[in-house]
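Asker: One structure coming up, written as C-alpha cells, with questions to follow.
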C-alpha cells in the first residue's frame, strides 16, 4: 500500500526538500494538505477506468508512478503539483518515507505538522536515491570533466544531492508548482470550503481529463452547501487544519464517482450534438460564410445559457445531496474501495440501474427527428419501464434522450430542415403577391428581328445626353425636364408612356393633324427617338478604338437578326434527325470571329449587352450563372447539370406561378467558350460562365428589379438543396451562390448569348457565349428540334422585357407578380444570420434608418450631400496619406452615384464630364482611366455604420475585375 501526500510549505519548497535530502534539519515545517491510498498491485484499482470521463489505469505496475517496483512495505510519497500535466498525472513525488515509522494517518487526524527531524527519521533513502539517480541521468547526459569521468557516481543519497544541489533545485523549481501561501490555492481551486476540498482532491489526486473549471462546476452540481468562505485563512497551518477537519473529505470518494459519471454524461451529450450538427451539414450545401455562422448558431442554441442551466440541474445531485450525506460520512481515500451503497445511490441519480450497463453508440444520434411528448425536454423512451418511479423514469429518459441535442433539434435543426428542404421551403417561407387583370396593364418591348430596314439609335453616353438635352429644349413646357446625365434617364424615357396633347390649329382643315404636321398626342420617347412608338431594348456595345475600350449605347427596335449575325447558314446545317442533346450541340457549329470591328454596325453583332429597365415588366428569366469549380468538368457532367438545373427552375416556377408543361416549356443554355486541349470538353479550371434563359409561364410577368432579385435569391437557395443536384455539385462546385442577382438593377447590363468579351489590351474577342441545347421531350420528334434550335438562337427570346407571341392566353387573366418574399429572412439578413441575431439578441437595423439619423444630426437632407461632406473627407485624407500624389490628386473633385444604394459609385469630374479613375495599386503600362471605385455602407448597430472603399480594375495584375478593398472607416453617432 502506498500513500500519496500533497504537501506545502511557507518557504521555498525546493530548498527545503533538498536540505532534507542532504540530512540537514531546517526550521521550516511541511504541511500535509491531502492524501490518498493507492494499491499499485491491484488490477481492479479503477472500476470506472473504462469510462470516457476517466483514464483506465488498471495496470499500475507498468505506470510511471510504479517505476520503483511497488514496495514490499507501505510507503509514503510526498508529492508536489507538477507544472505540466503529462498523461493526466498532476502530482509527482519528491521524496519517500517509511509508512510504519511515520504513522502518517494518525498525525493527519490530529492536525500535526511534519518537522524536518521527524521526516529525516522516516526517510526512505533507497527509493529516494533511485528516483534522483534517474532524474540526474535524464538531466546530465554525459560527464563533462575528466574528474567526473574518473570519480564514480555517489552511492549515498546525501552525497548525490549535495554534489548536485544546484541542478536539483533548478529541476524542482522548473517542474513543480510550490505555493507558499493559502491564497494561491484559494484563487485557483475555489474560495469556499466545498469547492476547494472537492476540486483539489479530484483534480490533483485522480487521473482524469477534467480541467479545474470543469471540476469546480461538478462540485457545484454535487452539493448545494458550499461550506464556509476561506477569506480569513492566512497561514498555511490554518489552511491545513481547515482541510483536514473539513466534512467534505468524507464525500471525496462519492464525488469522484459522480464526476466520472457526469463527465461521461457530458461527453455523450457533446458527441450527440456534434453528430446532429454534422448530419445536417452533410445534407445541405452552404457557403463558407454560412458554414461559419451556422456553427455559431448551432452550438449557441445547443449550449444556450437557459438550456445548459436546465441540463445542469437535471444532472446534478443537489436535490439528493442532503439525504445521502450521512451515508458517506467517513473519509475514504482509497478510490478502489468506494462504498457500494454510495456508488449505487449515485447510479440511481445519474444513470438508472437498468441503464448502467448499456453501451451508447454514436449511431443513435442521427438526424432523424425525435418525437417529443414534453416541452421540458424530458420525453419518454420505450426502453423505460412505465411501472418505475417517476424520478427513475425521468432520469432514464434524460440519459437516453440526449437532452441538449434533443433541444437543438427541436429549437433549430428541425426548423432548419424545413428551410433547407425545397418543398417545405416553398410552401412555408416563400410568399408571392400577385395582381390579376383581364387585360394588359403594362407593355414590354415591341421589336422586329426580321426587318430588312433597321431602326437603330446609337451613340456614346455623351451623345445620348445631348439627345436628352435637345428633347428638353424642343418641347419645353409639355413634359417635365429629364435629367440628361446617365443612361438610366434614357431607360426611363424608353419606358415612359406619358403623352402630351398638342393644341389644334383652327385654320387647319386636316383631320387629326396640327399645322406642324405632328400628331395631336405625342410621347416624349418619340421626341428623343423619332419613330419609336413603343419601348425597345437599349444595348451596350464594347468597341476597341485607339488601343482602348470604347462603350456605345444603341436603342434597336428593328433589325435583321439572323442575316446580320450570320446565323442563317447555321440554321441550314442543323441535322434532320434528333439523336441527343450532346450530338445536337456538337453539330450546330457557329462561325467564330476573333477580332473587334471598328464599325459599330458590325460590332453590334459581336459585343452586345442588354440593359435592365426597372420600369418595364419582365417576361423572361435571364440568369447569369458563374460556377466556381475545382477543375475542368466533363461533357456528361455539364449536360447533367443543365438538365437538373432546367428541372429545378421549372419546378420552382410551377410552384410560384402557374402550371408548366415540362415537355414543352423551353429553357435555353449558353456556355462561355474556351479552348479545350487534347479533345476535352471544357478547359475552364476555375469558373464556368453560363447564361440560362426561359420565359415565365403564360400570362405571368414580374414587375420590378427587386422582385427579380428575390426570385434569383430563391433559386440560388433551392438549387443545391435538390438531392440530385447536391450529389452532382458537392465536390465540383465551390460556391453555391452561382446566380448573380446584381444584373436586375436599373441600368445594369448583362452580356447576350452569342456575344463575346472584348480584350482590354488588344481588342480580341473571347469567351463567346455558345449554345448548349437541352431539347424538351415534345421537340425531339418530327423534326421539331429545328424549331427549338431556331428559337434558342433568336434574340427576341433572350431579352428581359420582350414577351413572346404565346406569352398571353386571352381566355385567362394576367398575373402581375408584385413581390416574391422569403419570410424566413429579415430584410437584407439571411435566414441563418437572422436566427443568429435573435440568439445574440442583436437587433437588425436597416442602413436607411441609420442614415436618416446621421442626416438629421448633421442637418442634411440629401444622401449624396451627406456622403460628400461627412463620409468622403475621411477617405480622402487616408488616400492622400497612404498613396502617391498622382493617385490621390484624381480624387480631389468627385461626384457620387447612389443609384445602387447602399453601394455608391464614385466618378471624378473632368472638364464637366464624369470619368472613372486610374488604378491606385499598380502603375499599369497603359494607365487608362477604366477603374471603377465604390463606397459600401453597412450597419453595425443603431448608431454605427461602416463604410468601405473598394475598386475594380480590369487588368490582370489586379485580378481582372476582382473586388479590391482599400480602406474602411467607422462612423458613430455620439449619444
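Glycine residues also receive a Cβ, built from the backbone N, Cα and C atoms like all the rest.
Taken from Swiss-Prot, the feature site 'Essential for primase activity' applies to 624, 626, supported by sequence analysis. According to Swiss-Prot, the zinc finger annotation covers 919-958.
Describe the structural surroundings of these features, if you would.
Answerer: DSSP gives residue 624 (site 'Essential for primase activity') a strand state.
Sequence-distant neighbours of residue 626 (site 'Essential for primase activity') (same chain, 6+ residues apart, CB-CB distance under 8 A): 687, 688, 689, 690, 738, 740.
Panel annotation: around the zinc finger (919-958), residues 547-549, 760-761, 843-847, 849-851, 853-854, 867, 871-872, 875, 879, 883, 887-888, 896, 901-906, 964-973, 975 of the same chain, lying at least six beyond its termini, place a Cβ under 8 Å from a Cβ of the stretch.
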Asker: Let's check the environment of residue 624 (site 'Essential for primase activity'): how many other CB atoms sit within 10 Å of its CB?
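Answerer: There are 18 such Cβ atoms around residue 624 (site 'Essential for primase activity').
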Asker: With DSSP as the yardstick, break the zinc finger (919-958) down into helix, strand and coil residue counts.
Answerer: 3 helix, 20 strand, 17 coil
Asker: Can you give me the average pLDDT across the zinc finger (919-958), rounded to a whole number?
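Answerer: Within the zinc finger (919-958), the model's average pLDDT equals 81.
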